Amino acid sequence: MSMWTWPAYVGVIGGALVFLLILLPVVVWQYRRYGRLSGLRLLGSAAVAVYGVALVAYTLLPLPSGDLAQWCAQHGFSGPQLNPFQFVEDVRRDTAGMSAAQRLRSPAVLQTVFNVVLFVPWGVLVRRFFGWRLPLTVLSAFAASLLIETTQGTGIFGLVPCSYRLADVDDLLTNTLGGLVGALVAPVVLRWMPRSTDLAAQRGVPRPVTVWRRWLGMLIDAVLVSVVGTVLVLFYRVVLVATGQEVPLGSDGIDVALGTVVPVALVLFVPPFLGSGASWGQRATWLEPRWTADAAEGVVGPDGLGRGTTVRRAVRGFTSGGLWGACLILAEVPGGGPVRDVAAPLGGLVAFVAVVSVLLTRDRRGLSGVVSGARIVDARG
């Protein structure tokens, strides 16, 4: 695999992994920003992830390994190349005596052309996907290239004791030129990409309550429980290390409290008592439960639906999500015995029934809606 192709593989594989990691946050952001999902904008986000990883791979990898002092003595650069347009002289020298076809295929020419091409996607994506104006797009390409060259020249800001790649002012010039070219062709290349401002203008339009939208809300809630718990436990263990205390090998009572009890309470137990009673995932996707006039409190809308009483909201919240959260807690309780053994499979069953019931019930209300008498509607309706 040549020096030209392996970073491309890293970009595709690494970019795909990065996109999977950021997919749910991007989906939530789209729902809140646009009021719906945009498949083409999701595709653009994937392109940004792949290009970002590829850019890092091409400009900063591979990193030095082994004995860094010895590596720097053999391969390090003494300083940056600060002569503008030095590449012109390098091309003239390296291609002397070659035919025109040979010159076009020479490493010196290919390297210069590649430095321009490398930043063309930057200009395209920043100008059309992110919606920046032409001058700011070119300036951002210059700033990104400057950061890359500085990182190379300082050995990742001192982590490597030498310039492990040549910091070259000509790279800064050619990269910026590539950003300019990309910015100029962006309106044509990404003509099919919906503008963020156009989609945002339709943010307040109610949308149908679909199975996928309901499932997305559930997924957001489940991921929130996991993420909040992981962050709290990591913070707790960092505090233990920072204060010189012993870090437990397994889970202790504090781990269970921070990793399960607190996130379940914040994500699943609290929302039914706030506002409409919708879960955080439902709020992210513009969904909320409503009840008919005889079960509602406060203002009833033209559709005859309103926000439910505290009891109704609590019943709905604890029928599926709250019950699943309780099972999570019981499954983690130290010394729980038979209760702990039953809690985990019971929680899985509750989650399965909650997911499937959305598909089988009228108006996609799910099990919790059937039990509490709630309908799930678009919050903007």
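Using the three backbone atoms N, Cα and C, a Cβ is placed for every residue, glycine included.
Curation plays no part in TrEMBL annotations; they are all automatic predictions.
Feature annotations, reproduced from TrEMBL:
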type	residues	note
DOMAIN	49-188	domain 'VanZ-like'
TRANSMEM	6-28	transmembrane segment
TRANSMEM	40-61	transmembrane segment
TRANSMEM	108-126	transmembrane segment
TRANSMEM	138-160	transmembrane segment
TRANSMEM	172-194	transmembrane segment
TRANSMEM	215-236	transmembrane segment
TRANSMEM	256-274	transmembrane segment
TRANSMEM	314-331	transmembrane segment
TRANSMEM	343-360	transmembrane segment
Which sequence-distant residues neighbour the transmembrane segment (172-194)? Criterion: at least 6 residues beyond either end, Cβ under 8 Å. 38, 40-41, 44, 84-85, 87, 112, 115-129, 134, 137-138, 140-142, 144-146, 148-149
Return the stretch with the most CB pairs under 8 A relative to the transmembrane segment (138-160), choosing among 6-28, 40-61, 108-126, 256-274, 343-360. 108-126
Can you count helix, strand and coil residues in the domain 'VanZ-like' (49-188) using DSSP? 100 helix, 4 strand, 36 coil
Where does the mean pLDDT land for the domain 'VanZ-like' (49-188)? 91
State the residues, same chain only, that lie 6 or more residues beyond the ends of the transmembrane segment (314-331) and have a CB under 8 A from a CB inside it; answer 'none' if no residue qualifies. 218, 221, 225, 260-261, 264-265, 267-269, 271-273, 277, 279, 289, 308, 339-340, 343-344, 346-347, 350-351, 353-354, 357, 366-369, 371-372, 374
Sequence-remote partners of the transmembrane segment (215-236) [C-beta within less than 8 Å, at least six residues beyond its ends]: 24, 27-28, 254-255, 258-260, 262-264, 266-268, 279-282, 284-285, 287, 321, 325, 328, 351, 354-355, 358
